[in-house]
Amino acid sequence: MQCLGAEHLDSAERIPTQRQWRPQIYRKCTDTAWLFLFFLFWTGLVFIMGYSVAAGATGRLLFGYDSFGNVCGKKNSPVEGAPLSGQDMTQKKHVFFMNSCNLEVKDVRLSSTVLCVSSCPEEQLDTLEEVQLFANTSGSFLCVYNLNSFNYTQIPNADLLCPRLPVPPSKSFPLFNRCIPQTPECYSLFASVLINDVDSLHRILSGIMSGRDTVLGLCILAFALSLAMMFTFRFITTLLVHIFIALIVLGLLFVCSVLWWLYYDYTNDLSIELDTERENMKCLLGFAIVSTVVTAVLLILIYVLRKRIKLTVELLQVTNKAISSSPFLLFQPLWTFAILIFFWVLWVAVLLSLGTAGAAQVVEGGQVEYKPLSGIRYMWWYHLIGLIWTSEFILACQQMAVAGTVVTCYFNRNKSDPPDRPILSSLSILFCYHQGTVQGSFLITVVRIPRAVLMYVYNTLKEKQDGALSRCMSQCCCCCFWCLDKCLRHLNQNAYTTTAINGTDFCTSAKDALKLLSKNSSHFTSVNCFGDFIIFLGKVLVVCFTVFGGLMAFNYHRVLQVWAVPLLLVAFFAYLVAHSFLSVFETVLDALFLCFAVDLETNDGSSEKPYFMDQEFLNFVKRINKLNTRAQRNKNSLTSEEGTELAIVRQ
């Protein structure tokens, strides 16, 4: 009997206890191993930052440099074996090519001597006397540094140390402060060789720099539109939703029309000679095709889901009521956005420093070339992983902070007396206990890295114009990774909310959330999905108007500027800003429904176990259940009618 009793106790101990879905007061640190891994990774990033500061020279990329290793506009250190290096170029901020009209091209590289000058010659100089007069009047010396301006006309070999005559009039263009010749015959040759000589990174940066005012204005426009959309969702009504959907439809159609019109304009422009203009035309075609496909898909979805608009408005109003208990949630994206901007600026600065990390080598004639250091390419990949992982970590912290705030307010019995400082309480719990759990962002990073590699492989195969099967397979893999990315994001959000409720680790929280949502999915899945779809349309609206403004602004600067890539970056920035602001509604919506599922799981609405949800939310859920019941009844009656007809036919 004692043995049987002991066996009975052992079996009782082995029976898993039911999860107690209640906010935990006493918590413990979760997923510390992942947090330690993140700190180790950031140790490597700090090493790369220090290395880039020590070995990099961003000034060479941003300001340009001469043939002797001097950065224009800076005070330089001498290079051993280069007598003309180490000069003070503080007053000489412009890059001047001595033979801009007679460029010698060797292996598609410029072989002209390059100097730093204080100003570009704005008038044509036909003789050495005019070059000497220009140097004496403007202080801009166009001959090699070791030749005094008084000797321009006296030394027999001065023509070898001075620019080839005639020197064309030139103007400083914001393409790394280069002096661009203005005569048509020189401009065509100079521009084509120069643009082809500059690599892709330099070309993209030059497009951003030359249109920096436009890029900044578009970023401010995206920020303002995102704020407007956030307040629109905060005070949503049925009329506003109809106006909003009408603007979406018009914006999508209008942007598609403008893209195809610009592409048609480019194809009929006979003056297109530069690679930049051809690249702009190719990018326009890609933009037009992608926007057309996206527009068609979104219009079909809007038409199919149009009857759910009223329920969606009620859903967003319920969400706004949850936000009203802690209105400072709407300002949470501002802090997240500021932290992301700071991190991205730091990341770009380190990237530029890595791109210019090279060893100076003296070549023939005392000139200096910079050779990239070994191992830099591996540092670039490590740096890229750091960008993705850290950005996802910051966004995951916002998601968990918002989810914790919703959980605190939802599981409060006295709705008329909301808890004090729920956002600060949620942030303190996050940073004290659950920083390791938000390393669910590592899963997103693991998925995004293969996507980036596959896109690189796809572009490489596309340039070679072969391997159609390989390109197709890489595209299919990219689509699969994209779907996996979306599923993991939804899983992470529910796991963060469950952690905020139970204080469990990431894997346990994800498992519990999946079980609970699968059990209660019939109550709200369709309405929740359409609510997320409306919020996604808000992001699309911000991107549409920002891209339209960019198209109108960039189209007037086609020459010497790859504006298609900066426009793509602006569109990405606009979507990211809109996502940062509107994701609050998505997070609140998902967290609210998970709390509702927990409420149904643990309570029955009786006096002993009353629901935590308020009456408005309960009425909304009842209306959804009635609609679902009616739809199921209609489906069953239709099925029975079809079965009766088939039976009659068989008779």
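Using the three backbone atoms N, Cα and C, a Cβ is placed for every residue, glycine included.
Features reported for this protein in TrEMBL:
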type	residues	note
TRANSMEM	32-54	transmembrane segment
TRANSMEM	215-236	transmembrane segment
TRANSMEM	243-264	transmembrane segment
TRANSMEM	284-305	transmembrane segment
TRANSMEM	334-360	transmembrane segment
TRANSMEM	380-411	transmembrane segment
TRANSMEM	533-554	transmembrane segment
TRANSMEM	560-578	transmembrane segment
Exercise for the section: Report yes or no: does the transmembrane segment (284-305) come within contact of the transmembrane segment (533-554), defined as 3 or more CB pairs under 8 Å with a sequence separation of 6 or more? Expected result: yes
Handout entry: Among 215-236, 243-264, 334-360, stretch most in contact with the transmembrane segment (380-411) (C-beta, under 8 angstroms)
Key = 334-360
Practice task
Please give the sequence-distant neighbours of the transmembrane segment (215-236): residues at least 6 beyond its ends with Cβ less than 8 Å from one of its Cβ atoms.
Solution key: 208, 244, 313, 316-317, 320, 323, 330, 333, 535, 538-539, 541-543, 545-546, 549-550, 553, 566, 569-570, 573-574, 577-578, 580-582, 584-585
Handout entry: Residue numbers, six or more beyond the limits of the transmembrane segment (334-360), whose CB comes under 8 Å of its CB atoms
Key = 48-49, 51-53, 55-62, 69, 79, 82, 201, 368-373, 376, 379-380, 383, 386-387, 390-391, 394-395, 397-398, 576-577, 580-581
